[in-house]
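Sequence annotations record features per position, and here TrEMBL assigns transmembrane segment to 12-42, 49-69, 89-107, 116-141, 153-173, 185-205.
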Amino acid sequence: MITMIVGEFSNFVAYIYAPAILVTPLGAISIIVSAVLAHFFLKEKLQKMGVLGCILCVVGSTMIVLHAPGERTPSSVDEIWELAIQPTFLLYTASVIAIVLFLVLYCEPRYGQTNILIYVGICSIIGSLTVMSIKAIGIAIKLTMEGWSQVAHFQTWVFLMVAISCIIIQLNYLNKALDTFDTAVVSPIHYAMFTSFTIFASVIMFKDWSGQSASSIASELCGFVTILSGTVVLHDTRSPDSASVSEMYMSVSPQVSWYFPANGDTWKRKSEEILLPDFDAILKQDHFT
C-alpha cells in the first residue's frame, strides 16, 4: 500500500513537469515490473512471448521519450483556464459528456453485462478529463510552492471539483468492468483507450504537438503502438488460473425441474428425484447460467 501511494504521488508529480503525451504511455512500465516481480515472488511463469512483450514495451517507451515534446509550464492558473475554455477543447469536453451520457443512460442497461467496451469506454473517456484536471491542479500547487499562490483563484477549485468527480466516475466503472469481465482482457483495452483519449485531449488543450516535426509525431505514435502491442502480448501469455476455471464450469451446470399435474394441482420435482411413470410430465428448463 505504501509503495502504491508513493507511485501514484510520483505519477502526479510527473504530470507537473512533463507533458501528458509522455507520462501516460509510460504507465506501461508498471506492467513490465508487475510481470517480472510476479515471476520471481509469485512463481508465475513468464513465457517467451511474455519476455517479448516486455521488450516491446521498453522499445516503445524509449521511442516516446526520445521524441516527446518539451514541457511548456503555464505561469498561472488563469493561463491554464484560457487553454481549457478554448473552443476546440470545449467541443471535446462537450463531446465527452454527450458520449458518456449516451453510454450510461442507453448502452449500459442494455449491453453493459455483455459488451466490455461500455464500462471501459466510460472509464477511459472520463479519464482523459481527469488527467487534464490533475495536471492543472499540479501546476497550481507548483506555482503556489514557488511563491505565486493560486489558492484564491476560483479556477483552481473548479479544476479540483472536476478532478474529484471524474475520479469517482472512473473508479466506479473500472471496478464494474473488472467485476464483470476478465482482468486479462480489461487491462490492455483500458490501457489502449485511456492512453489514446488522454493523448488526444492533451494535444487539443496543451497543444503538445505544436512546433514538432511530422517525423517526431510519427515516432511518438509508433512508440505508442509498440507499447500497446507489448501490453497485449504480455496479457495474452498469462497462465489461466485452474481453480477459477473449475469454478466457472461448476457454476454453469444446468438446473432442470419437472412439472406435472396430480389431482388437479401442479407439483414440482427436481431432476434428481425419481418420477413415477404414471404421471404425464412436462420438462421445463428453469435456467442455464
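Using the three backbone atoms N, Cα and C, a Cβ is placed for every residue, glycine included.
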### Query
Taking the transmembrane segment (153-173) as the reference, which of 12-42, 49-69, 89-107, 116-141, 185-205 gives the largest number of Cβ pairs under 8 angstroms?
116-141
### Task
For the transmembrane segment (185-205), could you work out the same-chain residues 6 or more beyond its ends whose Cβ comes under 8 Å from its Cβ atoms?
19-21, 24-25, 27-28, 31, 83-84, 86, 88-89, 92, 116-117, 120-121, 123-125, 127-129, 131-132, 174, 177-178, 224, 228, 231-232, 235
### Task
State, in range form, which of 12-42, 89-107, 116-141 has the highest count of Cβ pairs under 8 Å to the transmembrane segment (49-69).
12-42
